[in-house]
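Here's the structure we're looking at; comments come further down.
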Amino acid sequence: MILLKLYLTLAAILCQSRGTTSLDLDDLMTTNPEIQNEIINKHNDLRRTVDPPAKNMLKMSWDNTIAESAKRAALRCNQNEHTPVSGRTIGGVVCGENYFMSSNLRTWSFGIQSWFDERNYFKFGFGPTRAGVMVGHYTQVVWYKSYKMGCAINLCPNEPLKYFLVCQYCPGGNVVGRKYEPYAIGEPCAACPNNCDNGL
């Protein structure tokens, strides 16, 4: 009986440890090509699932110059306001910007999914479905014309939400007058039928 209790206790501990992931800041550095691929693939996978479907959604790709700009933004540790436009204009193009902040270290996929999940409070062509909710991160993730991006992470020890993830998107989305129509509705790839990769 004692052996059975010991076995069940050990089994419970092992199961719990499988459910938790031990992350280190170095594991999430965007200089790592595997992390770059995770970020790009997550964005493209989510862009393929927009509802209503998009006929003109471009495929995202990684850009090291944009990643350097995102790194400068992350190093500022200013979680209260976005980088000034002059600080995220690259090659004459104004880029958009998303932040994710957390007291615990989270994967890039987790942060990107949290931006996308703002769609639960978004109605295409209308905007937020209730007062006080954010949808701008979602609309930037799915902005049809944004096709280059770069991201960076930083530890901001003096902030309560000390882990700071920043992505920048070029050209930027959330254009005034079109903010709540981040793409054109239609059959995927209808606007670019000869240059399509699984809906993008």
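Note that the numbers count up from 1, one per residue, in the order the chain is shown.
Heads up, the Cβ atoms here are built off N, Cα and C, so glycines get one too.
Annotation comment: Swiss-Prot describes 1-22 as signal peptide, evidence class sequence analysis.
Averaged across the domain 'SCP' (41-169), the predicted model reaches a pLDDT of 97. Look at Swiss-Prot and you will find 41-169 tagged as domain 'SCP'.
Note: C156 (disulfide bond) has non-local neighbours C77, Q79, K162, Y163, F164, i.e. same-chain residues 6+ apart with C-beta under 8 A of its own C-beta. Mapped onto three states, the DSSP output places C156 (disulfide bond) in coil. For C77-C156 (among others), the entry in Swiss-Prot reads disulfide bond, with the evidence type similarity to another entry.
For C95-C170 (among others), the entry in Swiss-Prot reads disulfide bond, with the evidence type similarity to another entry. The Cβ neighbour count for C170 (disulfide bond), using a 10 Å radius over every protein chain in view, is 23.
The disulfide bond feature in Swiss-Prot is assigned to C151-C167 (among others). Under the three-state DSSP scheme, C151 (disulfide bond) falls in the strand class. For C151 (disulfide bond), the same-chain residues 6+ apart in sequence whose C-beta sits under 8 angstroms from its C-beta are T30, I39, A67, A70, W108, L165, V166, C167, Q168.
Secondary structure at C189 (disulfide bond), as computed by DSSP, is coil. Sequence annotations record features per position, and here Swiss-Prot assigns disulfide bond to C189-C196 (among others) based on similarity to another entry.
The disulfide-bonded residues under consideration are C167, C189. Their Cβ neighbour counts within 10 Å are lowest for C189. Between the disulfide-bonded residues C95, C196, the minimum number of other C-beta atoms within 10 Å of a residue's C-beta occurs at C196. Taken residue by residue with DSSP, C170 (disulfide bond) is part of a strand. Taking the Cα atom of each, C189 (disulfide bond) and C170 (disulfide bond) are about 20 angstrom apart.
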